[in-house]
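Structure, as structure tokens:
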Amino acid sequence: MKYHFKDLGLSNTKEMFAKANKEGYAVPAFNFNNMEQLQGIIEACVEEGSPVILQVSTGARKYIGKEMLPWLAKAATAYVEASGSDIPVALHLDHGPNYAEARDCIEYGFSSVMYDGSHHPYDENVAEAKQVADFAHEHDVTVEAELGVLAGIEDDVVAAEHVYTQPDEVEDFVSKTGVDSLAIAIGTSHGAHKFKPGDDPKLRLDILAEIEKRIPGFPIVLHGSSAVPHQFVEMINQYGGQIADAIGIPDSELRKAAKSAVAKINVDTDGRLAFTAGIREVFAKKPGEFDPRKYLGPAKDYMKEYYKDKIRNVFGANGAYKAGTAR
Ligand SMILES: O=C(CO)COP(=O)(O)O
Ligand SMILES: O=C[C@H](O)COP(=O)(O)O
Ligand SMILES: [Zn+2]
Ligand SMILES: [Zn+2]
């Protein structure tokens, strides 16, 4: 063990999820790749008093660098402490591809890991998820696994159609693996193109209800839950970008899910859109600007304000802990 997550001021997701399910909100899990996105996320959650899961894909971990990442997480928890807030912060591996990557993350200070074996045959998914959970639990790290395949692009896996989670499998899966939370497929998908124009953008909340009946109170995770806000897509296109037919999950669908056993909702695309819109706006309006603070700062602020709104109006996680500020 190079770092243990507790030495970085981080928390695992156990108490976060128990409180979220008891009180009927969902914990936001926001992906990040750089310092400004991390600032946007942590400032939003501190100001709202919301717990937060800082989520890093394998690609993001490579981009940041595995040696630098634990200290970015430590920077975030130091910020929380200085702000007077007491929100718990988790550092979570998103879509971990195998045991080796999950283990390496745990040894480098992650407090939570996802093993995503959803595209493997059921028995292989069970076996590797259990291997990850056994190692993780020795170090008090929590584990998320997945059943069902999200449509769209999932890392290198491309599922053309939704393969919804089968409620009949979930009880067997969680008892055999010992994982702490379960990601399910009920119609969400990754990226900015979740539905085609003309589709009815609905989630299969009936499948969610069936799953809840089989594993009452067990923390459920929704991936691919960005709303793909029009205002940012329009800004991007107005200022020289080209994103066509971008459609996300309506807030109303997510709000229903957040009130149920869904304890964690993943958002990456919305933050990317807000951030990109902010940069493009500055570049278009002030073509002479070349100070990174002058375009990354506004980008961060768009992301932060959007996430604050989402925490209040969709996740319902505001006020779960003490709010603070340190800027
Ligand atoms: O599920 C996600 C990360 O694991 C992110 O989903 P979005 O692409 O909808 O933001
Ligand atoms: O689910 C995937 C996340 O949105 C991260 O995507 P990424 O692999 O491009 O970093
Ligand atoms: Zn998956
Ligand atoms: Zn995902």
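From the backbone N, Cα and C atoms, a Cβ is placed for every residue, glycine too.
Of all the Cβ atoms in the protein chains shown, 24 others lie within 10 Å of the Cβ of Asp94 (active site, proton donor). Look at TrEMBL and you will find Asp94 tagged as active site, proton donor.
Per TrEMBL, the feature Zn(2+) 1 binding site maps to His95, His190, His223. Under the three-state DSSP scheme, His223 (Zn(2+) 1 binding site) falls in the coil class.
Listed in sequence order, Met114, Asp116, Gly117, Ser118, Asn125, Leu182, Ala183, Ile184, Ala185, Val221, His223 are the same-chain residues at least 6 apart in sequence whose CB falls under 8 Å from the CB of Glu146 (Zn(2+) 2 binding site). What TrEMBL records for Asp116, Glu146 is Zn(2+) 2 binding site.
Residues or ranges marked as dihydroxyacetone phosphate binding site in TrEMBL: Gly191, Gly224, Ser225, Ser226, Asn266, Val267, Asp268, Thr269. Neighbours of Gly191 (dihydroxyacetone phosphate binding site), defined as other CB atoms within 10 A of its CB across all chains, total 17.
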Original post:
Which residues does Thr269 (dihydroxyacetone phosphate binding site) neighbour through Cβ under 8 Å, counting only same-chain ones at least six apart?
Top reply: His190, Gly191, Ala192, Ser226, Val228, Gly248
**OP:** Output: those binding-site residues from Asn266, Val267, Asp268 whose CB lies less than 6 Å from an atom of ligand 4, in sequence order; none if no residue fits.
**Re:** Asn266
**OP:** Could you tell me which of the binding-site residues Asp116, Glu146, His223, Ser226, Asn266, Asp268 have their C-beta within a distance under 6 angstroms of some atom of ligand 1?
**Re:** His223, Ser226, Asn266, Asp268
Original post:
Of all the binding-site residues given, Ser225, Ser226, Asn266, which residue's CB has the most CB neighbours within 10 A?
Top reply: Ser225
